[in-house]
Amino acid sequence: MALETVPKDLRHLRACLLCSLVKTIDQFEYDGCDNCDAYLQMKGNREMVYDCTSSSFDGIIAMMSPGDSWVSKWQRVSNFKPGVYAVSVTGRLPQGIVRELKSRGVAYKSRDTAIKT
């Protein structure tokens, strides 16, 4: 796991609404999302960081080898980069972003375990 992926502080943590990666708000703005930046373009765009991440999430998992872990398969992060992931993320991506993802062939499934989609 790359050190820059690990949250640098326990305050101002946010989780990506698409992949559930957890970072500080500044890390998302500076580096974007390691898994989703090709689609969400959060890097350098604080407004997109607020739209595409949530400060409300439950549990965290540090994933070192996502391809080898049954937990990563259960959490649907086995194809993502090593990092810290939320178990459940409250919220949904804005409809415009969901439509854009669909037009690019990316299926969006909410990471909020309270909502069944």
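Placed from the backbone N, Cα and C atoms, the Cβ positions cover glycine too.
The Zn(2+) binding site annotation in Swiss-Prot covers C16, C19, C33, C36 and is backed by similarity to another entry. Within 10 Å of the C-beta atom of C36 (Zn(2+) binding site) sit 19 other C-beta atoms, taking all shown protein chains into account.
The N-acetylalanine annotation in Swiss-Prot covers A2 and rests on similarity to another entry.
Mean pLDDT across the region 'Interaction with SUPT5H' (2-40) comes to 87 in this model. According to Swiss-Prot, the region 'Interaction with SUPT5H' annotation covers 2-40, on the basis of similarity to another entry.
According to Swiss-Prot, the zinc finger annotation covers 16-36.
Here C16 (Zn(2+) binding site) comes close to V22, F28, C33, N35, C36, L40, C52, T53, V89: these same-chain residues lie at least six apart in sequence, with C-beta atoms under 8 angstroms from its C-beta. Away from its own ends, the region 'Interaction with SUPT5H' (2-40) comes close to residues 46, 48-49, 52-55, 57, 60, 75, 77, 80-87, 89, 91-93, 97, 100-101, 104, 106, 108, 110-111 of its chain (Cβ-Cβ under 8 Å, at least six residues beyond either end).
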